[in-house]
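Structure first, then comments.
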Amino acid sequence: MSYPGKDKNIPGRIIEALEDLPLSYLVPKDGLAALVNAPMRVSLPFDKTIFTSADDGRDVNINVLGTANSTTSSIKNEAEKERLVFKRPSNFTSSANSVDYVPTNFLEGLSPLAQSVLSTHKGLNDSINIEKKSEIVSRPEAKHKLESVTSNAGNLSFNDNSSNKKTKTSTGVTMTQANLAEQYLNDLKNILDIVGFDQNSAEIGNIEYWLQLPNKKFVLTTNCLTKLQMTIKNITDNPQLSNSIEITWLLRLLDVMVCNIKFSKSSLKMGLDDSMLRYIALLSTIVLFNIFLLGKNDSNLHRESYIMEPVNFLSDLIESLKILTIEYGSLKIEFDTFQEALELLPKYIRNGPFLDDNVTAKLVYIFSDLLMNNDIEATTNIQFQSFWDNVKRISSDILVSLFGSFDQQRGFIIEELLSHIEKLPTKRIQKKLRKVGNQNIYITDFTFTLMSMLENINCYSFCNQMKDIAPENIDLLKNEYKKQEEFLFNIVEHINDTILERFFKNPSALRYVIDNFVQDLLLLISSPQWPVTEKILSSLLKRLLSVYSPSMQVSANIETICLQLIGNIGSTIFDIKCSTRDHEDNNLIKMINYPETLPHFFKSFEECIAYNETIKCRRSATRFLWNLRLGTILILEEYTKDAKEQIITVDNELKKILEQIKDGGLGPELENREADFSTIKLDYFSILHAFELLNLYDPYLKLILSLLAKDKIKLRSTAIKCLSMLASKDKVILSNPMVKETIHRRLNDSSASVKDAILDLVSINSSYFEFYQQINNNYNDDSIMVRKHVLRINEKMYDETNDIVTKVYVIARILMKIEDEEDNIIDMARLILLNRWILKVHEVLDQPEKLKEISSSVLLVMSRVAIMNEKCSQLFDLFLNFYLLNKEAHSKEAYDKITHVLTILTDFLVQKIVELNSDDTNEKNSIVDKQNFLNLLAKFADSTVSFLTKDHITALYPYMVSDEKSDFHYYILQVFRCTFEKLANFKQKFLYDLETTLLSRLPKMNVREIDEAMPLIWSVATHRHDTARVAKACSSCLSHLHPYINKANNEEAAIVVDGKLQRLIYLSTGFARFCFPKPSNDKIAFLQEGETLYEHITKCLLVLSKDKITHVIRRVAVKNLTKLCGNHPKLFNSRHVLHLLDKEFQSDQLDIKLVILESLYDLFLLEERKSVRNTGVNSTLSSNSILKKKLLKTNRVEFANDGVCSALATRFLDNILQLCLLRDLKNSLVAIRLLKLILKFGYTNPSHSIPTVIALFASTSQYIRHVAYELLEDLFEKYETLVFSSLSRGVTKAIHYSIHTDEKYYYKHDHFLSLLEKLCGTGKKNGPKFFKVLKRIMQSYLDDITDLTSTNSSVQKSIFVLCTNISNITFVSQYDLVSLLKTIDLTTDRLKEVIMDEIGDNVSSLSVSEEKLSGIILIQLSLQDLGTYLLHLYGLRDDVLLLDIVEESELKNKQLPAKKPDISKFSAQLENIEQYSSNGKLLTYFRKHVKDT
């Protein structure tokens, strides 16, 4: 672009001129000020003929008029071709003389356009001959205030400043506020001159003010509307002008604005998508609302059309925004104007306009929809997103303004807003939420608006209008408060009910609605800036809690979701309670009881209100918080009216806050203006304790705990998760007695998912230490998931605790899992033990102190686990020998690490034993540790790899020769025995001394020590290659024994109880068991040529086992004979031995039978152990599949005694089974233990044993029932068909066993059928089979009852036991129950007829005695009561017994309802019947019973 002076040394722009010269050189000061501030531009004057007629034939192109660059077209217009007269610069001549260069050609350097214009209009005149004509056109985006106004130029001033001060104008003339006001009024009149004071006076030909549309309608131009907008605004800011403005002017303007909007809308609908038309309509809307804001109360100004037209236009524009495809940048001015128009609407509403219900409804409909609209997707354009957020903000403000201004419409507004809740965002994306406060909290617009509305329900305005604090006014205030509270309560209840009802109707689709609402409330509950949250949330929580009341019937899905919501709310409440400062958790009752807490409570309220005031929080929120304070005071006043001291404090507080209102405030300023929100939040938490929400914590907790006992698994799992949320905040919650007891119960729950959730719960913050025993009740659970979880928890507990008792307990449970049906669990358990016992030691080999510490800890744990019980001892041996010391299970490097660490541990172990023995202490713990260490050392010595060295043996030898009488000597003997079996090349002197010591101490040893010492003596003699001394000792023993043998042969009764004889029997048997297995070369007294020692001792023992030998000696002899046979199994082939054993089992000598069983047990165990050692790892469960395949290819090593063990088990099985069912439980355990071993090793056909195992289910001993359950469970996995075929015999045996073990309360043994059902009667496959067998058993018993002669006491007792057990079974199918009930019902009717036939109509005519009738009557009553009991238990009606066969078969797929939990046991009814029988009133009771039924 060219300009005058281009390419010359003259500044072309002001900024360039300022570099060298002051600004005033180019532009006068006053002119510059006007230039900078004036929101106008000067256009070229038009000839008056332009305005003469609107019908001059010109077609106005609105698109051309809307553009800025229209210069060329204006020049070419004929109406503008009249010569333009240009003003000559007034100082041209003088300035020409003062410069060096004066251009001779003024056209030089001008653009072609400028030159063409000047050439057309030639000639210059002096300025005095030129009349100034200018026209002001306001820019649409004017942002500056006009400070200069000249009256002769007709300029308009738009100064916003309303202060009464002088304003400097560009003319240098000062103007007062009154002058400005007058100027504003003149501006309005000037505009009205052209717009017209009525329709006829409008200068529609003025194209600067009027724009003709294609439909021949006229609308005001954007320039005119901008001027008008600024003028109205200036007038609005000057209230003194209100009376000077005539209503007719405003009505005219309103009419024009409405027409502008109408005509623009109609043109847009015709297809003219012109942004200028929308802009005109928006500006008209702004002007219209600004007119409303003038404060004129004339009803004519508030016609429905005036408000509805702009509102409808805005509504249409909103709809078009939803489908807008144009870029935001091209519509920025329109969007800004639209936003400005909307912002005026809430101001208008708050001014108290004359709005009828139709208008209000329209506004509510439009802006509720706009607020909740999510059709417009989130855009990447930040400006557009900001615009849309502002629109929603204003929409919310409009709705809140309507709610606050129109009390009668509040319900409708809330209802309309609730109708849009389905439009809430399905995902909580930040762009779809609104940020509130400075805490980076985002909530939905719905919640924000709803809460902003409800905050307006308070008594602040009422209090503000009170003239004084008189008693009568206080009473009025109380009534007003109750009224407001009631309204708030009802509306909150309605909101929550509506949201929940929508959710209940379609929980899957509308879950996001309730989730969003609750999430918003939880985010705001801790802030004093949102006090109404407490009211909404407490109401919602109560409503959610009521879902679980008996009167509510909802789906399981709804229950689960509601529980999740309750859990989130409860967790937040618990968080608040935990965060509250000490001694500030005071509810109203507590504050009444402790009035000293009141001042601090009121102070907390003051702080929160002052904080809200300081941060400029919403006035409605602060007022609602103040209202809460007022309500609390009124409630306290009601509660404390009888306490003088307290009532004074409360009354003073009430007067104080009311006086503050009269003084124009809500309370004193914040003492510490820099107070942190975290401090204020704690004050607010203290306040919350006085309200309902936090007091709902206890009902919430009780609900959670009660739901843990529900049958619905998902509900229980969710309840546990709720509890977990609390525990994650503070694990102290788990120490709550109520919670603790519930966890204990639920850890025994049958549901795997619930157990898993409980285990997660108790794992929070290592809380499992309080429940470790209950946790490990599930270490052998049916669920793999639960077993793994328990294993992981045990691992953590072992690592985290320093308590040796806990360590031993949990590591023992880990050890038990090296036997499991799941390979992964076996692997886990093995690795845990390997890491803790081996690799952890290996890691610190280069740190002596650490090594000693860790080794000591490992050894202490190992030693205690190894002796914990028989099972742990066996598993420890298995783990040591068949995993750790199994080369096939490890790489060479890993195996070397293991053996190296075990060698080191052995060193420390021997050292520890030596240290403990050297201490002269009698402390119990020290003695126990020493015994445990020796036992562990014995296990190390007995392992497949030798870790003990000669040095170790040498170090332990002094304890061998000591005279100390304790168990230590036994373990030392065991260690030496095992070591000598592996080591060789001992010094002869050491061997000789050791042999001397052993032989000399032999007579003083007890039975256990003899069993260890004899093999050691023989081993030492073998190492010495000299058995002469042993032979001599044996001869000595026999020489003392034979006199007794001779006496027994001659006179059996002459043998009496003799301690010496008993010892000789044990010693001689010991020599025979472990020494001289073959005929000896050394001379042994009394042995014949070729006779072995064990054969000779066998003969001696058979002599001492004769019938007339005293019982004690016979028992010792039989015991030792059986042991001897165990070491030399060929002896069991002796007919003399077998005859003796058979005879003993047929006798009544229980103790001898048990002795034989114990010996057989030792034999079987020893032989199986040998087998395991020979076969190796395949005797344990291996998780290594490659190893399994390898081992399966290896045939099991046969051993000589295999057939003997099986033959013995088979021969004596019946005797063993009989002894299992002894009434004396302690003695029966011996037989049960042997039976378990026989079944485990597979020595006999299990079908013979299964009925007895089933019978043991009826034992009164929980331990025996547990053992029986484990046995049958194992059998069921292997031989399912055998178990089912044995059920009938097993149940019959169980019934007899129940009667046999408890003659008085036999019928209370009511658990064996339910245990059987749990094991083999569940599932689609086994359930029907089990119930079929059960029905057959019942039928067989009932069929045997035909008449009086078939009903003896045994039959009656059997029926009783069967009935009580059936009552505890859990029937699943209706068919199973109904078919059984029909069988029972038919029998009861049949028996009733038999009885009635016998007794006749009167008692005196009895054909038989009542005693003979008692059995059949008891059976009939028990069966009838059982049928009634089962019907009631499952909630069935009597008519199910009338179903025919077809109808009955249809019940197979119908499940029964759950059992009623509050029904007493059936055995109590049988006890009642038996009492009538014992009192001789049975017949009378039967008659009454028959009559009643």
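Cβ atoms are placed via backbone N, Cα and C, with glycine included.
Feature list (source: Swiss-Prot):
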- Ser74: phosphoserine (MOD_RES)
- Ser127: phosphoserine (MOD_RES)
- 151-170: region 'Disordered' (REGION)
- Ser157: phosphoserine (MOD_RES)
- Thr231: phosphothreonine (MOD_RES)
- Thr236: phosphothreonine (MOD_RES)
- Ser305: phosphoserine (MOD_RES)
- Ser320: phosphoserine (MOD_RES)
- Thr360: phosphothreonine (MOD_RES)
- 695-732: repeat 'HEAT 1' (REPEAT)
- 734-771: repeat 'HEAT 2' (REPEAT)
- Ser753: phosphoserine (MOD_RES)
- 806-843: repeat 'HEAT 3' (REPEAT)
- 1132-1169: repeat 'HEAT 4' (REPEAT)
- Ser1182: phosphoserine (MOD_RES)
- Ser1183: phosphoserine (MOD_RES)
- Ser1185: phosphoserine (MOD_RES)
- 1244-1281: repeat 'HEAT 5' (REPEAT)
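Taking the features listed in Swiss-Prot, we show where each one sits on the structure.
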residue: Thr231; record: phosphothreonine; Cβ within 10 Å: 26
residue: Thr236; record: phosphothreonine; Cβ within 10 Å: 18
residue: Ser305; record: phosphoserine; Cβ within 10 Å: 12
residue: Ser320; record: phosphoserine; Cβ within 10 Å: 12
residue: Thr360; record: phosphothreonine; Cβ within 10 Å: 20
residue: Ser753; record: phosphoserine; Cβ within 10 Å: 16
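Cα distances from Thr360 (phosphothreonine) to the modified residues Thr236, Ser305, Ser320 are smallest for Ser305. Take the Cα of Thr236 (phosphothreonine) and measure to each of the modified residues Ser305, Ser320, Ser753: the nearest one is Ser305.
With DSSP states grouped into helix (H, G, I), strand (E, B) and coil, the repeat 'HEAT 2' (734-771) comes out at 31 helix, 0 strand, 7 coil. The repeat 'HEAT 5' (1244-1281): residue composition by secondary structure is 31 helix, 0 strand, 7 coil, according to DSSP.
Here Ser753 (phosphoserine) is compared against the modified residues Thr231, Ser305, Ser320, and the shortest C-alpha distance is to Ser320. Predicted-model confidence for the repeat 'HEAT 2' (734-771) is 82, expressed as mean pLDDT. Summarised by DSSP class, the composition of the repeat 'HEAT 4' (1132-1169) is 34 helix, 0 strand, 4 coil. Each residue contributes its Cα atom, and for Ser320 (phosphoserine) and Ser305 (phosphoserine) those atoms are 22 Å apart.
In terms of DSSP secondary structure, the repeat 'HEAT 3' (806-843) contains 31 helix, 0 strand, 7 coil. On a Cα basis, Thr231 (phosphothreonine) lies 23 Å away from Ser305 (phosphoserine).
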